[in-house]
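Listed in TrEMBL for this protein:
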BINDING   THR9  Mg(2+) binding site
BINDING   GLY31, ASN87, LYS88, GLN89, ASP90  GTP binding site
Amino acid sequence: MNLSKITTTVGLNIGTVDIGKARLMFWDLGGQEELQSLWDKYYAECHGVIYVIDSTDEERLSESKQAFEKVVSSEALDGVPILVLANKQDVETCLSIPDIKTAFSDCSYKIGRRDCLTQACSALTGKGVREGIEWMVKCVVRNIHRPPRQRDIT
């Protein structure tokens, strides 16, 4: 794999993945600040959220936390399970899961009673990704009767 070809998402990438009997559709939304205003357009049809944190970028952790707070505060996502993928755990100098949880701890009351998991992973090696996705599938299946929320346009 050519590491120089790996880039952050700009805009929107859509893909599907089959896990057992479940077919998941992923909407990979870019995390740049100018794109965050578009995120809520996708919430109404969402049955689960996967939020990815760059565990090596301590300088932008506060910015990431603010974006995460906006996500978990959205009424359209009430009850929707959230998987936080702490990416780049293969890098020796990365923040640990306890460090990330501490940094995000004041968001915990906004998560409420919904399912939420912080999973260490490496997108590069694949470690931890499958475990996180399998957890999300279990949550979505358990939550299958939650209808997508249509926004009122008034």
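Every residue gets a Cβ built from N, Cα and C, even glycine.
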Cβ neighbours of ASN87 (GTP binding site) where a neighbour is any other Cβ within 10 Å: 22
Those residues of the chain, 6+ apart, with a Cβ under 8 Å from that of ASP90 (GTP binding site): SER122, LEU124, THR125, LYS127
Cβ neighbours within the same chain of LYS88 (GTP binding site) - under 8 Å, at least six residues apart: ASP54, SER55, THR56, CYS94, SER122, ALA123, LEU124
Cβ neighbours of GLN89 (GTP binding site) where a neighbour is any other Cβ within 10 Å: 23
